[in-house]
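Residues or ranges marked as transmembrane segment in TrEMBL: 6-35, 179-203, 256-276, 306-328, 340-363, 439-461, 496-515, 535-559, 609-631, 643-665, 725-744, 855-876 (among others).
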Amino acid sequence: MSEVTSGIIIFDLCQTVGMTICLIITIPFASFVYFKLLFVSPFAENFTFKLIVVNGIMGLLYAVTYLIFIQLATFPFMFDFYTLIQNNGLVTIIAVINTFFGEISLYSAFFVAMNRLKTMLFLRLKGNDSIFFMVSMICSFVLSLPAIIDLCTFTSLTYIPYHFNDTSIMIPNSKSLHIISNIISFVLSLATLVINIILVVFLAKERQFFKKTLNIQFNAEKGLIITNVVSYVFYMLFFVNNILARTWDIPLSATAQWLFLALSSITPFWCLFVFAPSIRRMALNKTDEIVSDITSSMDFLDIFDLFNTIFISITLLITFPFAFFVYGKLLICKAYSGNFTFVLIVFNGAMELLTCFSYIFVYQLTTFPFMYKFYTYIIENNLGNTISIYTKISFTNVYNEEAVDYIVNGLGFHSAFFVALNRLRTIWYFQRRGNDQRFFYMSIILSFLLSSIRVFDLYLASNQYYTKVNFGFGPIYIPRMESIDETLTTISDVEIALVTCATVAINVVLPVLLIRRRNQLDLTNRKTFKAEQGLIITSFVSYVFYTLYFVTGAIGRYFSLSFFGYAQFLFLGLASVTPFWCLIIFASSIRRFAFNGGGNSVLTTVFDLVNTAIISTSLLITIPIASFVYYKLLFCPPYKNNYTFALIVFNGSVELLTCFTYIFVYQLTTFTFIHSFYKFIIDANLGNIIRAFDYFINGLGFHSAFFVALNRLRTILFEKRGRDSAFFFVSLLFCVFLSTIRIIDLFVASSQYYKEFNFGFGPIYLPKIETYNIIVRTISDVEIAMVVCSTFIANFFLGVLLMKKRKYLECSDRNRMNAERGLIITSFVSYTFYILYYVNGLIGRYLNYKFCGYAQFFFLGLACMTPFWCLIIFASSVRHFVFNIKFGHHLTTIHHNVIHAFICDADLSFENMHK
């Protein structure tokens, strides 16, 4: 029986990892294709494809929510997460979200099949099916209501803790009959199956009755019908498996539920991609029949590239401080510092992060116009040599920075192989104890030697350079490579392919060997083996992402598919951050040690000091530059009478002031040198006053960000020209009013104070809070949560509306739309950093993670400075106005006057000397 249980556990782990990776691969490609189906002609005007896209998106969202809220519940590392959900009464809410996506996915699949049948029966009928689409959406929503009402009223949903073998997991449990919703789902599932069978029969028999003029249209319909039928077959497997699990209590069927659900969620997209050639050509830009204007296609790739860059960069910013903290503990603290296995793991993780960081600067940011001067500066300062300059295109060598990227990339890539080899060696000789010092040094030396092959190829056998081009939106650099001698390049490619295959093979062998060794161990070695299991899963999962990056690069390189070139950074970013996050998730001993174990005080103090120094220095740099820019926007034409920019300036100024007040109210309290300052504040009873000021400033910045997004949304929807003075003053009034809620809570419903502590290095003060009346605090928390969600939704719709409006504009309005796009990207990116600050605060508050409390100032600093820097980076008109037009003219005038005066003085001196 234990062997059967172990087999089911292994199967559950493999299917969870495998299907999650399939989802991670599918979601970015599906987002790209679905986005083009919604907004690129001729598909944008076709409501049939809108219905197909809704069905596909709902299926993917259902799989994601099922993974997070149900599938991962059986994994011990998620126990704290589900305990948090259970304790805060969130089980019903997440069940409603999951059920809603599942029901809409099921019912929209029925209406897609109905639409295909209707189209085949009336093939000569022209139309865009807008009425059918609206009716389908309304009916799908209405049919999903019984299941949602049942969850909210008649169902008892809980997570039940289950303990075995010194581990704890949560098991979802519900008590409900679901009679009405089950009947509806059962009937519609069978109806959809019957319709798909009819479609197959109709497709096979009726083709001969169509005239030749309708054969092309029939072929297009055939692709959509095959897509619908094949994808629904996978849903029926999920449906039947669910019945088996619920009716006959078969454990394997219950475990395999996620497998069939994930397959049924990703097949609609891949079947659409495989069987509908017109959509495939549109997605891959194989012909000009689908998209007549190539710039339209480039717009979508640029948008994907932009959001891809933002997403991975934000993920890196989140990962860096946590990785710094955890890797620092593994290197410094006694329990792990003498273990060279963990030193090798830390080395690999650090190199992977540096690989992504170097890739950003060497390749990713080169295609953004705002970085053009940065790369020009690098080239002009002997980091590259300009070898030829033409009128529109110039070629520039970039050996030094690419050599650094090659070395870091190679060290990360090869050290991953040695980490896997180390795990294999440890499992093979499990009884052998040691700290693997010799293996570590050999791994580093060999990694460096193998990485140097590409560096030699760079300097000796290839010509790698940046090509300067201009597509009309500003000059950019594009990396290029020309091989002079293929020998070293071939050796390098073969070596990389061999190491990749070897690492994949080792990571495949490791789980098999792990299972075989487990049965041979006695109980005394089980805990050590469990820790080893976590490290092996970490090695396997993290390297899978690198394999995806490697395969994507090979496809983009040899098949010349543009999208794969743009997606390269996405998979590299995922491959770089997964070694750290997999270590935290799957190695429970490291997770407990990193966040709960000893040694926290020294490392958190160092992190707090470095964090304070970096953000404070950045703030000191930002404030004078921002003051200059904001002053010009307020008082210099053409922006001085524009209340939209007045609102943006107000938001940016208040955000900077928020960070400044946070430093004095909270951040510096943990430093002993400022103890006397806070003692003076406490003795003078100024504590509540400065906290009230901090709350007020924070509220102004937080709410004004919402009104900035609302203003941009209003401008895009109504294209209204004007100064927006009424909107500006109404926004300020609402900001002031909504910001007073927390001040009322401070003075009426809570007691906030500084408490003195001494941890051996001097007295410090820590902020404390005691809530007397939870009502005002709850109102404040709900209001903040609603504004956060509303601002995020507004920024999301801004991007969608921007693309819809863009294609209807005349060429004369494109420049204004480009300027608007810069402001929208500024609003979206800067608010994303505030979301990070907000979520980090929730984690620290409800999960009691001390490190999140220390990291709060880091995320607040980023959230407060990004509105200004995003405005400079993404709003090119503002950047040119501030730094190139007026300011540049004044500097030129001053420079000219100084030179003129110097020449006059020189002439006078020469005359006097001559006399």
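A Cβ is built for glycine as well, from the same backbone N, Cα and C atoms used for every other residue.
Long-range contacts of the transmembrane segment (306-328) within the same chain, counting only residues at least 6 positions beyond its ends with a Cβ under 8 Å from a Cβ of the stretch, are 28, 346, 349-350, 353, 356-357, 360, 364-365, 368, 566-567, 569-570, 572-574, 576-577, 580-581, 583-584, 590, 594, 603-604, 606-607, 611, 825, 829, 832-833, 836, 851, 855, 858, 862.
For the transmembrane segment (439-461), the partner stretch with the most Cβ pairs below 8 Å, chosen from 6-35, 256-276, 340-363, 496-515, 535-559, is 340-363.
Only residues 6 or more beyond the boundaries of the transmembrane segment (725-744), in the same chain, are considered here, and those with a CB under 8 A from a CB of the stretch are 643-644, 646-647, 650, 692, 695-696, 698-700, 702-704, 707, 710-711, 714, 776, 779-780, 783, 787. Long-range Cβ contacts of the transmembrane segment (340-363) within its own chain (Cβ-Cβ under 8 Å, at least 6 residues beyond either end) map to 309, 312-313, 316, 319-320, 323, 327, 330-331, 398, 401-402, 404-405, 408-409, 411-413, 415-416, 418-419, 422, 426, 435-437, 439-440, 443-444, 479, 535, 538, 569, 572-573, 575-577, 579-580, 583.
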